[in-house]
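Okay, so here's the structure we're looking at.
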Amino acid sequence: MIPVVIEQTSRGERSYDIYSRLLKDRIIMLTGPVEDNMANSIIAQLLFLDAQDNTKDIYLYVNTPGGSVSAGLAIVDTMNFIKSDVQTIVMGMAASMGTIIASSGTKGKRFMLPNAEYLIHQPMGGTGSGTQQTDMAIVAEQLLKTRKRLEKILSDNSGKTIKQIHKDAERDYWMDAKETLEYGFIDAIMENNELK
């Protein structure tokens, strides 16, 4: 169930679902697994807010275990395409594809709450049973290409070398807020609405 907010206006009461009310303040909630429907919703909100006023920041709150690479990269490409600055605020976790999205916010405007976590690792994929050997080779080659592309994005977003990203992402690499700041994925830790 989605909570409803009731506001008093000069024309009487107006009710909004909470996400529509947040959108009015240029806040987008990216929560749950990254998949096509969620990505389409996030992209539509980014485009709408940018068309409304591209001189104001958009606030993207992130709490996701990650998910689809193609859906996540569609969000990242849209963030880079629009003129509005996109502030990212990680709460809970930004894991896997969530790290790519959260670290792709406008440099200087990437934040994290003190108890949130970041996770980087190599992309996952596979083939089902009954897959032909040739198809397995194609999938393996595509996974390697995807890994290189994601490592380049993480390197650009953090300032770390691709070699360092490759080494750290070999297995699950968890970071708390302080470690994420030191790594270069965020620009500050937010505590009580203040930057640390």
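Cβ atoms here come from the backbone N, Cα and C positions, even for glycine.
Annotated active site, nucleophile per Swiss-Prot: S96, in sequence order, evidence recorded as sequence analysis. The Cβ of S96 (active site, nucleophile) has 26 neighbouring Cβ atoms from other residues within 10 Å, across all protein chains displayed.
Non-local contacts of H121 (active site) by the CB criterion (under 8 A, 6+ apart in sequence, same chain) comprise S96, A169, R171, D172, Y173. If you look up Swiss-Prot, you'll see H121 marked as active site.
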Where S96 (active site, nucleophile) falls in three-state DSSP terms: coil
